[in-house]
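Worksheet: one structure, shown below.
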Amino acid sequence: MSSKRILLHACCGPCSITTIDILHDQGFEICAFFYNPNIHPLQEYVRRRDGFLEVAEKMNVKVIGSLAEYDSKRWFRSIAYREENRCFHCYADRLERTLSLAKRGGFDFFTSTLLYSKFQQHKRIAELGKDMAGDGRCAFYYYDFREGWKDGIERSKKMGIYRQQYCGCLFSENERFTKEL
């Protein structure tokens, strides 16, 4: 019996650790895809990308897609005048890109490490994924990866993986750090 193939959208290294473990335990053959044009500035994007690549290498997970795909201008245009609802558009962009690649690659399922973080809009991400997978060619795999949240944090620290202090976009950075002014 062949294993089920899943394309995992990865937002960063720390969120990938527990997610990968759970998917492995459930018998999935995992390929990971790092696509996050929302991350700002570029240096932050590079730190998160490199942290993710370190996790993927240590956990023996194949990475597909372009790691140089960073189009912040397009991302800013897509959320212009939608700043209050930017998370929805950001989630949709990343899940749509993941689903498109999963269909082209013949994957059985797609999912995202965004379902791991207690700071993300979990229900909204799950609903988006399920809605996008409506044609049945590639199913959205829903799992509440938050159950391993604390363990993932500790493991990322032990592995020395870069741990970010905000979600990724300029707006979330401002929300996080303006409190310190």
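Backbone N, Cα and C atoms are what each Cβ position is placed from, and that goes for glycine too.
Annotated features in TrEMBL:
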- CYS11, CYS12, CYS87, CYS90: [4Fe-4S] cluster binding site (BINDING)
- CYS167-CYS169: disulfide bond (DISULFID)
Which listed residue (CYS11, CYS167) has most other Cβ within 10 Å, given these are recorded positions: CYS11
Where CYS11 ([4Fe-4S] cluster binding site) sits in the secondary structure, as DSSP reduces it to three classes: coil
Cβ within 8 Å of the mean position of the Cβ atoms of CYS11, CYS12, CYS87, CYS90: remaining residues of the chain near [4Fe-4S] cluster: ASN36, ASN38, ILE39, TYR91, ARG94, LEU114, GLN120, CYS167, GLY168, CYS169
CYS169 (disulfide bond) CB neighbourhood, other CB atoms within 10 A: 23
Residue, out of the binding-site residues CYS12, CYS87, CYS90, whose Cβ gathers the largest set of other Cβ atoms within 10 Å: CYS12
Nearest-integer angstrom distance between the alpha carbons (Cα) of CYS167 (disulfide bond) and CYS11 ([4Fe-4S] cluster binding site): 9
CYS169 (disulfide bond) and CYS11 ([4Fe-4S] cluster binding site), Cα-Cα, nearest whole angstrom: 12
Spatial separation of CYS169 (disulfide bond) from CYS87 ([4Fe-4S] cluster binding site) - C-alpha basis, Å: 9
